[in-house]
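Undergrad: A single structure is presented below for examination.
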Amino acid sequence: MAHRAQVGLQDATSPIMEELVIFHDHALMIIFLICFLVLYALFLTLTTKLTNTNISDAQEMETIWTTLPAIILILIALPSLRILYLTDEINDPSFTIKSIGHQWYWTYEYTDYGGLIFNSYMLPPLFLEPGDLRLLDVDNRVVLPVEAPVRMMITSQDVLHSWTVPSLGLKTDAIPGRLNQTTFTATRPGVYYGQCSEICGANHSFMPIVLELIPLKIFEMGPVFAL
């Protein structure tokens, strides 16, 4: 989960997020290398006294500054495309949950477990208990099992929303009249927080998402659905 004054990414809780963290470090290394080369070239240009104004052709240099950017783009694009296809892959989910965005709360439907439906509202400051997070905790959490593929069907009843949980590497738009889907497999139990990531009106900042991930054996016992 996130911490105060956190600079880096949140701890990965799914294979997709682990891939995203690795790709982030990979792309950042390439960017640092490009910046270093550009600054080094500028430094040499400003400090050298060896100049030649009669050069009209530099075939080798033109080849290098055409080929090198193409190679760099390929090194960035290939891992990115791989992750993009992984995020769209549907791996025989164990069960399906439907999430419906409203102004400004979420509705969840456990269609595979007796059609359980409930709303999830942000807890007002007066109802927070010690240890709860302001603007992030909700009255009804989404309880999910770890190490089981889950398919989340996402839509909206009014305006554009976006169902986002950074620790799982999830961000899927909720669009009225359209049903989007995403799959994920959590690897660690715990409580993980997200928020609507699409500006959806005056209370856009007040529709958090809370996932409580528990072992599969406990999840299948049933009482976890007592909200």
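Note: Cβ is positioned from N, Cα and C throughout, glycine not excepted.
I grabbed these lines from Swiss-Prot:
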BINDING   His161, Cys196, Cys200, Met207  Cu cation A1 binding site
BINDING   Cys196, Glu198, Cys200, His204  Cu cation A2 binding site
BINDING   Glu198  Mg(2+) binding site
TOPO_DOM  1-14  topological domain 'Mitochondrial intermembrane'
TOPO_DOM  46-59  topological domain 'Mitochondrial matrix'
TOPO_DOM  88-227  topological domain 'Mitochondrial intermembrane'
TRANSMEM  15-45  transmembrane segment
TRANSMEM  60-87  transmembrane segment
Undergrad: Take every residue in the topological domain 'Mitochondrial matrix' (46-59), average their pLDDT values, and give the whole-number result.
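TA: The answer is 72, the mean pLDDT of the model over that range.
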Undergrad: Look up Cys196 (Cu cation A1 binding site) in the DSSP assignment and reduce it to helix, strand or coil.
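TA: DSSP call for Cys196 (Cu cation A1 binding site): strand.
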Undergrad: If you count other CB atoms within 10 A of each CB, which of His161, His204 wins among these binding-site residues?
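TA: Output for this query is His161.
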Undergrad: Same chain, not part of His161, Cys196, Cys200, Met207: whose C-beta falls within 8 angstroms of the C-beta centre of the Cu cation A1 site? Give them in sequence order.
TA: Gly101, Gln103, Trp104, Trp106, Ser162, Ala174, Gln195, Ser197, Glu198, Gly201, His204
Undergrad: Which numbers of helix, strand and coil residues does DSSP report for the topological domain 'Mitochondrial intermembrane' (88-227)?
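TA: Helix, strand, coil within the topological domain 'Mitochondrial intermembrane' (88-227): 16 helix, 62 strand, 62 coil.
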Undergrad: Near Cys196 (Cu cation A1 binding site), how many other Cβ atoms are within 10 Å of its Cβ?
TA: 25
Undergrad: Neighbours of the Cu cation A2 site Cys196, Glu198, Cys200, His204: Cβ within 8 Å of the Cβ centroid, same chain, sequence order.
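TA: Counting only non-site residues, the set is Gly101, Trp104, Val159, Leu160, His161, Ser162, Ser197, Ile199, Gly201, Met207.
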Undergrad: Between Glu198, Cys200, Met207, which of the binding-site residues has its C-beta surrounded by the fewest other C-beta atoms within 10 Å?
TA: Glu198
Undergrad: Please report the Cα separation of Glu198 (Cu cation A2 binding site) and His161 (Cu cation A1 binding site) in Å, rounded to an integer.
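TA: His161 (Cu cation A1 binding site) has its Cα 5 Å from the Cα of Glu198 (Cu cation A2 binding site).
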Undergrad: State the Cα to Cα distance, in Å, between His161 (Cu cation A1 binding site) and His204 (Cu cation A2 binding site), rounded to an integer.
TA: 9
